[in-house]
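The next block holds one structure in the form of structure tokens; read it before the comments.
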Amino acid sequence: MEGKEPKKEQKRHQQKHSGPKAERKKSRKQLGTPAGDDERKRNPKAFAVQSAVRMAKTFHRAQDLKAKKHHIPLVDRTPLEPPPIVVVVVGPPKVGKSTLIRCLIKNFTRQKLADICGPVTIVSGKKRRLTFIECSNDINTMIDLAKVADLVLMLIDASFGFEMETFEFLNICQVHGFPRIMGVLTHLDSFRNNKALRKTKKRLKHRFWTEVYQGAKLFYLSGMVYGEYQTQEVKNLGRFISVMKFRPLVWQQSHPYVVADRMEDLTDPEMVRVDPKCDRTVSLYGYLRGTYLKNKGQVHIPGVGDFAVADISFLPDPCALPEAQKKRALNEKERLLYAPMAGVGGVVYDKDAVYIDLPGGHVNQEQEVRPTTELVQSLISTHTTLDAKMAASKVSLFTGAAALTPGEVEEEENELTSGPQESRVWDPETQRERRKAVFTEEEDDDDSEGRSEEEGDEEGESEEEGEEDEEGNKREEEEETVLKNKAKDKTEPKEKQGIKTIPPAKRQKMEERKLGKEPVVEVPAFADSEDELEMSEEEEGGKGEQESEGEESDSEGEEDEEDSAVEKGDLKPIDSGHCSEEEDASDSIEDDCETNVSGKEGKKSNATSKMEEEDEEMEGGELCYESAGNILSIQRSLRWKEGLQQKASEAFLRQQRSAPNLRKLVYGTVAEDDGDGGEDEEELGGLFRVSRPEKGKKHRADGVDCSRFDPDAARNWDLEEMLDSIRDCFVTGKWEDDQDAATLLKEDEELYGEFEDLETGEVHKGKAAKQKDQAKEESDDDEEEEEEKLMNVDDETQKNKRLEKKRRLKERFDTEYDDGDATYFDDLKEEMQKQAELNRAEFEDVDDETRVQYEGFRPGMYVRVEIPSLPCEFVTNFDPHYPIILGALGASEGNVGYLQMRLKKHRWHSRILKTRDPLILSLGWRRFQTIPLYHIEDHNGRHRLLKYTPQHMHCGATIWGPITPQGTGFLAVQSVAGTKTSFRIAATGVVLDLDKSVTIVKKLKLIGYPYKIYKNTSFIKGMFNTVLEVAKFEGGSIRTVSGVRGQIKKALSTPAGAYRATFEDRLLMSDIVFLRSWYPVSVPQLYNPVTSLLMPAGQKDSWSGMRTVGQLKHDLGVRNKPNTDSLYKPVVRAQRHFNKLHIPRELQKALPFKSKPKQDQPKGKMPKDLQRPAVIREPHERKVAALLNALSAVHNYKSKKAHTAQHAKHKDFLRQRSKAEEDKLKRQKEAKKKLYRMMGQKEKKSQRSSLKGAPLDD
């Protein structure tokens, strides 16, 4: 403490304000020289390179760090309005996923969401939207969401640690393309000790880095306040999400897909009533992601199956980005939230309807008490029978139709005279109830068009109110419709039912036109349905989008135009791929009528009864006959023979004129280009346009389709002018100077006509030269003037050429020397940037309707996908908590075939995998069960079947499954039902090949026994059954169990299947002969898609497919009876008696003595006379012997003791000697180190001095 006290009392340094040093500083400040530069100039040696090696190392390190940050540049294919970023919130149960999503939604939109159900889309900034999806603990959901996620928020319970679900999801992500992953630690408030909290954070962070990548972001949510996370922490997390950049994933970039956020059942209710199990027609809605999607393709819905798309259309964006204005933050109206499955979103636009969410507590609607049963309601509202209605039916479409019924006239008068009505609407934006005045009269077009910019902010509200108003009008009309229509209106839009109602305002105008025979005036009328109203509003807003028009509305528009054309007397046929646009339609009016009627029949849904079809046909027929008028009666008369020659010439001209429209043949029906006159066209109700034929512009060379050629018949070839116009097409005609023969000959004469005869010296002149000489004097004055003009022109051109050359040289110089620091990486990035700009500019000015036909639906569009023949369980068991993904399939991805894969058992999976055990694979979009065969490639290229997967290495696998592009990763699980305690991912791998070229073989040993042996030749039986089988294996190598090798020679006639074989050595009768052969194995053809989404509501995670043999035996209680030959038995071997070894005498003579067989006789008993007699000692001798024994025992004991002492002493001496050796080695080592250190210092010193340039010391 005492040492630190003086430091506190130390004086502060006072800078000098006067003196030479201060003056220098002042002058430096005034000159503005940076301090570093001045020091470098003053003392250059201090900043010189001290060590070239160190400088090279630092430079290399800097370059390595720079290169590490580089990614391979990819072409930026993101559209101008990208789709919302999919943020998947993953974690084990009860870790806080829903709470985090609610807090993030509240942070971005200031709104609270009670139940997180399905995808929730929000606007998080001026150019970014987010779609939050909660991932449950079901492995099916985890696999599906890993394929579509852009960002994963991985929640980890810090109080518990990592759970298996976290690692499973990480492994799934690694296989299907790794999205951006951010960890979020929760339950940190459970730690009371700060030190334990820090240690836990560090441990979890490093483990997370090991799994993801070094430096992966891990957020800490420290605690809860009133059931929510702390505002500042959630705000920080939201900021990170808002500014995060994403790398495109290969699978997502090459496949279009839709994460459905809304589902509507379009099936006819009558069909469902008759057969509740019938297939359903469903429309799914969502943002298109990935790449461009073509109509009428194939999609796969994971958990359901493969389906063909009936129709795709794009809708207005329900969660649009705010206007591109320069502002710091979003206002309250722009904080959009769209979650239809969770019941949030207000107005929902459909292709042909608008749904407005009106909560029951906020809207007071006075409804008369009516019976609840639909059948009873419709019976009450029906006043006449169907027969009477048919008899009195006079309804027809648009102009030139029959008179309206009296009931409709009364209804019309009531609507015209009634005043404004009050409608109470709850506004979710301002959170208050608003009173709206609803008029039944027609609104002025100018009002809607002349909307000011201030009102633009409230555009969404006015649209909602307008659409609700329109719905109110529709409801009043629908109360008086037929029984069938009443039932259909509950579920289907009007166009689908085949009923086309005319609004009252239109009816009134039609009446006035018919009575007064006025010319047709194009006055904007009410839209016939909600989508028309929406359409007109959009076009007035300046977008001109036509996404809400489907096939039905298109057909209505065509009929409307045809009717107006009939009234004007200008009929036009329906355009096919082979007819021209402005063809005269008077020849094909009958065809038109037939197409109208058949078109109407085609548009009807299955629910319409036969009675209604007849009614519609009758109306269609009326329309055709009434509209066509007298023309039809002339066409149908018997005077068909008149003017046959004229008709034939017209038919020929028509055929000539109908050159195939290539654009239509390639792209199908093409939307008409508005061209320059698009602004002048007036709309009828926002959907129908008045068609006016363009005079004098029937064929434009710069039109969209200039592939048609219209032969002109109105030319009189007897006139001289007409003949002169084509005279240049013939040899005798007037040609241009560079092509005319006479002119070319003249030029040749000018070049070669004048020459000098070298022998005589005479100069020969051509005709042109002579003429020139004659006319020279006459044209001298004219030539001088022309020369002056040419000189001026030449000077100007020369000057321009010089300037152009200078500019080119400067550009070349700039490109070479200005980007001196530009690297290959920069060039690559620039190239990709140019490509991205080119891609964007290609279709920039084309309207969406035409664009879609060329390039398909682009990512970022909100699309409606209609899919027929879905299983009824998809609708009845629909659960919005499980994601619905529509993954588009490529050209060949809908097929099923053989796939070759490389597979490795996951190191965390507890058991090895067995061949022919069913396995559930996640490959591409699909999840399916199949039976794999595992094999390994031998050194000779043979693919040998394996019974089990290897423990720690890859093996090959062949399956029967959907064709998927090579290089696609996959993962395998043994079961998706429930959660197991062990790690669920069994194996991972990649697709290698897509054909059946690999033949998998397994080893087959055929066994035979010898029945005759002649030296090295043996006859073998029992291996084959027929002579043919033997013939197939002739020349095959065989061997015995004892290792003697042999070869099959020839089949024997008897017994059947026996053959003659030769061996290296003579066989024994006890030998067993075997043949090693390879048998090809066929791959089982099982492809069983996992249909988890069709399971009932609580059982979607309990899908079980084909069981393994082991599971079947366990479930059925079957025990294996072991093969008796495979059991271990005690080996009983009979004693073998070998023959006596016989060595020939000659050989015995040659053997050395030790190897010769000895002819020893066995020794017999020694005779008693030769045996030594026993010695009996005297008593004195016994005493002497005892004493000697005692003395020898004492001596032995003493010598043993002395030996032990000597051994111990020697041991001690050895220990001391080894210690001394160690000390000596240590001293030597230290001395060596010292010596080497000195030598190293000396060498470094000499190296440094040599680098500096000083002379070396001797």
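All residue numbers here begin at 1 and follow the chain in the order shown.
Positions of Cβ are set from backbone N, Cα and C atoms, glycine also.
Positions annotated as region 'Disordered' by TrEMBL: 1-44, 406-621, 755-801, 1145-1175, 1198-1258. Look at TrEMBL and you will find 9-29, 1198-1210, 1226-1236 tagged as compositional bias 'Basic residues'. Taken from TrEMBL, the feature domain 'Bms1-type G' covers 82-247. For 424-439, 472-498, 508-520, 565-580, 761-777, 789-801, 1157-1175, 1211-1225, the entry in TrEMBL reads compositional bias 'Basic and acidic residues'.
Mean pLDDT, taken over the domain 'Bms1-type G' (82-247), works out to 92 on the 0 to 100 scale. Taking H, G and I as helix, E and B as strand and the rest as coil, DSSP gives the compositional bias 'Basic and acidic residues' (789-801) the counts 13 helix, 0 strand, 0 coil. Mapped onto DSSP classes, the region 'Disordered' (1145-1175) shows 9 helix, 0 strand, 22 coil. Per-class residue totals from DSSP over the compositional bias 'Basic residues' (9-29), listed helix then strand then coil: 11 helix, 0 strand, 10 coil. Residue counts for the region 'Disordered' (1198-1258) under DSSP, split into helix (H, G, I), strand (E, B) and coil, are 55 helix, 0 strand, 6 coil.
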